[in-house]
Amino acid sequence: MPELRSRTSTHGRTMAGARALWRATGMTDDDFGKPIVAIANSFTQFVPGHVHLKDLGGLVADAVAEAGGVGREFNTIAVDDGIAMGHGGMLYSLPSRELIADAVEYMVNAHCADALVCISNCDKITPGMLLAALRLNIPTVFVSGGPMEAGKTVAIEGIVHSKIDLIDAMIAASNEAVTDDQLDQIERSACPTCGSCSGMFTANSMNCLTEAIGLALPGNGSTLATHAARRSLFVDAGRTVVEIAKRWYDGDDATVLPRAVANRAAFENAVALDVAMGGSTNTILHLLAAAREAELDFGVADIDTISRRVPCLAKVAPNSPLYHMEDVHRAGGIPAILGELDRAGLLNREVHAVHSPSLATWLADWDVRGDAATPEAVDLFHAAPGGVRTVEPFSTTNRWSTLDTDAAGGCVRDRAHAYTADGGLAILHGNLAPDGCVVKTAGVPEECLTFRGPARVYESQDDAVAAILAKEVTAGDVVVIRYEGPRGGPGMQEMLYPTSFLKGRGLGRACALLTDGRFSGGTSGLSIGHVSPEAAAGGLIALVEPGDEIVIDIPNRTIELAVPADVLDARRVAQEKRDRPYTPADRQRPVSAALRAYASMATSASDGAYRRVPE
């Protein structure tokens with residue numbers, strides 16, 4: 001029988017000093033011997049997805065106490081990718097994932113906590129906590145802050161948009177046809193409430209995936225931050241973590257541990273969900289890194305295989321202007337998408353979750369498109385936006401009058417009515433990316449699925465943005481942004497501004513963008529990222545010259561630089577004769593010691609850009 005980890009500091013004569021300190025936090029004699037649950041909060045006033053989390057750790061702690069445990073809260077950092085976007089702040093976003101993972105590990109292990117609740121929400125916080133949970137492998141439950149409501153009606157260039165988001169504001173900012181007054185209206189409407197940005201961007205994608213992988217409760221990925229129904233997720237997370245902690249420590253039931261829940265079959269299901277819902281390309285980085293922490297042999301080849309057989313069942317912003325997360329919720333949330341995949345025979349059924357003994361039980365109870373969903377599930381998915389600007393959680397009780405169960409033309413479709421027969425994410429290979437690169441096919445216009453054009457080469461995101469705004473990029477071009485990978489950036493910046501500004505200039509369907517950096521979950525269009533190997537590691541992208549023809553064929557999963565091999569060989573010889581080969585020729589970019597430390601240990605995007613620490 002495993003012993004409570006916390007006994008190390010709560011039992012025995014020599015731990016009198018530690019117990020004295022525990023007592024100073026409010027613990028009593030009755031608490032020693034109960035499971036101590038670490039509550040990793042990520043409240044910050046910098047991030048709308050986290051601004052409302054301040055008191056929610058206490059809500060979890062109260063539920064932990066009621067269930068027979070002792071909750072102790074701490075905080076991690078949280079970077080807002082949208083605020084950090086388009087300047088040097090974005091260099092810190094991906095590296096913050098590793099810092100968050102380390103911070104959770106440090107706090108949990110330093111204080112010998114027995115179990116963990118992760119209160120996450122935005123882009124790198126959920127992945128960072130997921131890495132930590134799989135690394136620690138103690139009973140863990142995730143509960144996120146929830147999605148933001150979509151921005152409401154505005155007119156852009158004479159067209160009324162019933163729902164808008166952050167990306168609409170970014171695109172409008174570079175559109176000369178949008179007046180300052182119109183832009184101000186869009187800006188003020190785009191982000192109306194607390195919560196993670198309202199589309200199927202990185203934050204919401206990852207929160208949906210923690211639900212699919214079995215470490216979060218049903219409804220976690222889609223229940224709005226502002227809705228009163230979300231309160232029960234925090235209470236239930238506190239109760240559930242104590243239940244599974246007791247099953248492990250009192251019953252030696254290892255099936256409740258994160259690595260048993262998030263096993264290979266669960267990862268495959270998570271990827272199936274990801275490609276079915278057209279999730280952010282960043283999810284691939286994070287799932288690869290998480291699989292490594294779980295000690296699973298799971299790589300881009302596995303993701304590629306799944307993406308070829310799983311259809312795209314949902315197109316949510318930025319892949320469609322019609323739907324946001326509030327619409328996914330009305331359609332039954334993640335259980336509805338999983339239910340459609342299960343009925344199509346596309347899920348591994350031999351999985352379980354922290355809340356259910358089997359996938360069959362899980363979906364029977366929570367899939368509102370099935371015939372046995374519980375009243376609790378039906379009630380939850382009626383939760384609707386409040387339509388009021390607020391930073392307060394649980395502040396609306398609005399309800400949809402009906403659910404969207406239209407599998408033929410609704411927000412979530414069945415296999416027979418899928419948007420495409422293969423998934424919303426794809427892995428491409430070729431001489432430009434022998435280790436692979438990633439494209440969100442759900443956001444690519446059909447006429448752009450095959451594309452060829454001359455390269456316009458930039459050695460920083462800043463130079464590319466300047467060129468786009470100066471109208472130097474024209475229809476038919478392939479914009480190549482290199483030396484922005486994990487090592488070359490360092491930090492693997494997101495390229496949301498270049499893609500948004502291309503759209504704002506009317507080039508969203510006329511150009512391709514290729515980078516060894518990455519893209520925001522808000523990106524759509526022919527945007528290909530994670531080119532591996534990256535330029536700084538000697539990848540072929542470092543040898544591309546202006547005017548070179550690049551050929552992209554998404555249906556056949558290929559990407560090629562159409563330059564003769566002998567010419568490329570000569571370019572490589574010249575590159576390696578430089579004083580500092582595989583570095584930008586003229587870029588001036590301050591790089592701090594913290595970023596240099598990340599760069600020195602960062603692996604390729606094809607490995608998840610995790611930090612490889614020497615033995």
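Backbone N, Cα and C define each Cβ position, glycine as well.
Going by what Swiss-Prot states, the Mg(2+) site holds ASP123, LYS124, GLU494, and the candidate of ASP80, ASP81, ASP165 recorded there is ASP81. Close to SER520 (active site, proton acceptor) in the fold, though at least 6 residues off in sequence, lie ASP81, MET85, PHE201, THR202, SER280, ASN282, GLU494, MET495, LEU496, THR499, each with a CB less than 8 Å from its CB. The Cβ of ASP123 (Mg(2+) binding site) lies under 8 Å from the Cβ of VAL79, ASP81, SER93, PHE201, THR202, ALA203, MET206, ASN282, GLY521, each of which sits 6+ residues away along the same chain. Spacing of LYS124 (Mg(2+) binding site) relative to CYS197 ([2Fe-2S] cluster binding site) is 14 Å (Cα to Cα, whole number).
Other residues of the same chain near the Mg(2+) site, with their Cβ within 8 Å of the Cβ centroid of ASP81, ASP123, LYS124, GLU494, are VAL79, ALA84, MET90, SER93, LEU94, CYS122, THR202, ALA203, ASN282, SER520, GLY521. Cβ-based crowding with a 10 Å cutoff singles out GLU494 as the top-ranked of the binding-site residues ASP81, GLU494. In the three-state DSSP reading, GLU494 (Mg(2+) binding site) counts as strand.
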